[in-house]
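The next block holds one structure in the form of structure tokens; read it before the comments.
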Amino acid sequence: MDLTAIQPAILIASLMVSSTPILLAALGEMVVERAGVLNLGVEGMMITGAVAGFAVAINSGSPALGFLGAAAAGAALSLAFAVLTQLLLSNHVATGLALTLAGLGLSALVGKPYEGMKAPSLPKLDLGPLAEIPFFGRVLFSHDVMVYLSLALVAGVWAFLRYTRAGLILRAVGESAEAAHALGYHVIRVRILAILFGGALAGLGGAYISLVRVPQWTEGMTAGAGWIALAIVVFASWRAGWVLVGAYLFGGVTVLQLNLQAAGAAVPVALLSASPYLVTILVLVIISARGLQGAPAALGRSFHASG
Amino acid sequence: MIALEKRPQPSRLWRAATPLLAVALTMLAGGVMFAALGADPVEAIRVIFWDPLFDPDFAAYSRPQLLVKAGPLILIAIGLAIGFRSGVWNIGAEGQYIMGAICGAGAALALYPAETRAILPLAVLAGALGGWAWGMIPALLKVRFGTNEILVSLMLVYVAESILASVSSGLLQNPEGMGFPGSRNLAQWDAAANRELIAGTGMHWGVLTAFVAVIAAYVLMSRHILGFQLRLSGEAPRAARFAGVVPGRVVVICFAISGALAGMAGFFEVAGPAGQISIDFGSFYGFTAIIVAFLGRLHPVGILLAGLLMALTYIGGELAQLMLGLPAAAIQLFQGMLLFFLLATDVFVNYRLRLGRREAA
């Protein structure tokens, strides 16, 4: 096998690209969970975003509109989850699963006519001389706008949760809905807004797969990325900075195994293609063995103001 | 102002009525979807729910299919429901189903071309063991390290799919298959074939096992102390601990039962309707069974009925594809909607609507 074919600069650059979908989805889910809601429908929202973004981009010719459409579609699907869990008080786990199953069906249905088409490409952001810097130029300054947007969102979410009043209210709702309610905050409203934000980000993440990473539409193309995003939230102990670390770690594993497959490494292909999932399990085990820290106290519990 | 008011006791009437209401609502919403796809909604609903059973041209073929499709769904859902009632979330039944098929088929093919009657029961056992072992991974990780069983069991589905792809063009590949991926056809090998037991009914060993599982699960959950302990840990985990129920044991038992049943379902499928291990063997039954379990109210008898209904939508969906050109994905969405509507209407089991202004607390 030829390991010299794997260049570090390109490896890191492609790592950032392959991590972006998971990063966006995990960041959104982190906010949802900080508000005390466990939405297991990330996979369904991602795949819906992937197909919606692809369809809008093809029909309008604009990838930017595609991403907007994907965010809207992800949010719309998450609204169904919000109505069920927040207004009709259904079980979070079961409803999230329903969302994933419905999302997979919906996306397959909508995406049928788009199979085999090619998406309009998202141009790389022209950063002029910065991109010329050896190594760092290739790694840091040769990406499309979504990569930078995802990084900006990490910083934004971190600052929002840490420094703003609204972020404090959101965390209060997630720690103790009863206390937040007693203080006069609208628990249900805060949670619905958080769910919509999570849905929009999952939709963006899905669209990044279908518009940039692949860039095509195939049925079931998210292939568990939504579930890995859920695992990353646990890995990150519900902190924005660690979501970034987690997502890039998993992106790294994915890119590395693809590169090893291409380089013809003497490792069974089945093991390589299963490696992102095996690593996820391994990381979950290590994190859990240490004891879960930072889980919102009211995570996954329905709230009903009984007057 | 409409407000929800908690009932002092869950309503038994609503508990029985919501699945029917959900089916009715799904038919309505499905009708709208079919209309949007350019089919006559009334005709589409008839083709899906009526024609497979009563149409003179198709019923002869599709009636037996009802049991063939319902068998694995019921078998898997029975196991899942025991877990769901105990607060143990096994979402990876699809992976256990695939591993059961691989282990069962592998055990049988290791003895090829022997012709003894011991092969079928041996292979069923191997299938159950394969599913059980795959289920033990999330269970033991949960007990030992507190790892989230939902995520681990789900990740293992993707791992199982990789293994399936690998063995169908490697370890279990048919040496006489001219290099095509896929194992020998078990359905054509008398000693291992899971044959139709009563001609023209679709009844095979897997369906029979599913019926036995329904009865066994009913006895376990309603009449046995273990079932009581399981239900107690689902509804009141703290009370269960004070009563001496070990939480780790509950997790292991639930995953053992659901993994073994899913594994058996996998083998019965590969030795009968599917015939061989191939890369596209995974059929989503493991996920659809989750819908079946909830639609059946996590109760064995309910699951039996829900499994038959879900099987009907599968067959009806195929018929609708053939007759009306509806895409296969439409049925998948249809099934997903069913779970949605069920969860939405479930609110009335524990709450009632009250009209008028809420009085000040």
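Note that Cβ sites are derived from N, Cα and C of the backbone, with glycine treated the same way.
The transmembrane segment feature in TrEMBL is assigned to B:68-88 (among others).
Tertiary neighbourhood of the transmembrane segment (B:95-112): same-chain residues 72, 76, 119-120, 122-135, 153-154, 156-161, 163-164, 167, 171-172, 183-184, 186, 189, 191-192, 258-259, 262-267, 269-271, 274, 276-277, 281-282, 285-286, selected by CB-CB distance under 8 Å and a gap of 6+ residues from either end. Annotated transmembrane segment per TrEMBL: B:95-112 (among others), in sequence order.
What TrEMBL records for B:118-141 (among others) is transmembrane segment. Beyond the transmembrane segment (B:118-141), the same-chain residues lying 6 or more positions past its ends with a Cβ under 8 Å from any Cβ of the stretch are 90, 92, 95-97, 99-108, 111, 147, 149, 152-153, 156, 160, 191-194, 205, 251-252, 254-256, 258-268, 271.
TrEMBL lists B:150-172 (among others) with the feature transmembrane segment.
For B:203-221 (among others), the entry in TrEMBL reads transmembrane segment.
As annotated by TrEMBL, transmembrane segment applies to B:242-268 (among others).
The annotation transmembrane segment is assigned in TrEMBL to B:274-296 (among others).
Taken from TrEMBL, the feature transmembrane segment applies to B:303-324 (among others). Sequence-distant contacts of the transmembrane segment (B:303-324) (same chain, six or more residues past either end, CB-CB distance under 8 Å): 19, 23, 34, 39, 43-44, 47-49, 51-53, 58, 62, 65-70, 73-74, 77-78, 81, 210-211, 214, 288, 291-293, 295-296, 330-331, 334-335, 338.
According to TrEMBL, the transmembrane segment annotation covers B:330-349 (among others). Counting same-chain residues at least six beyond the ends of the transmembrane segment (B:330-349), those with a Cβ under 8 angstroms from any Cβ of the stretch are 4, 10-11, 14-15, 18-19, 21-23, 25-26, 29-30, 33-34, 37, 48, 284, 288, 290-291, 294-295, 310, 313-314, 316-317, 320.
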* Long-range environment of the transmembrane segment (B:203-221) - Cβ separation under 8 angstroms, sequence gap at least 6 -> 64, 67-68, 70-72, 74-75, 78-79, 81-82, 85, 120, 124, 194-197, 227, 230-231, 261, 264-265, 268-269, 272, 299-301, 303-304, 307
* Asked: So which residues does the transmembrane segment (B:242-268) touch in its own chain, when a touch means Cβ under 8 Å and the partner is 6 or more beyond its ends?
  -> 71-72, 75-76, 78-80, 82-83, 86-88, 90, 93-94, 96-105, 123-124, 126-136, 138-140, 142-143, 149, 153, 194, 204-206, 209-210, 213, 226, 229-230, 232-233, 285-286, 289
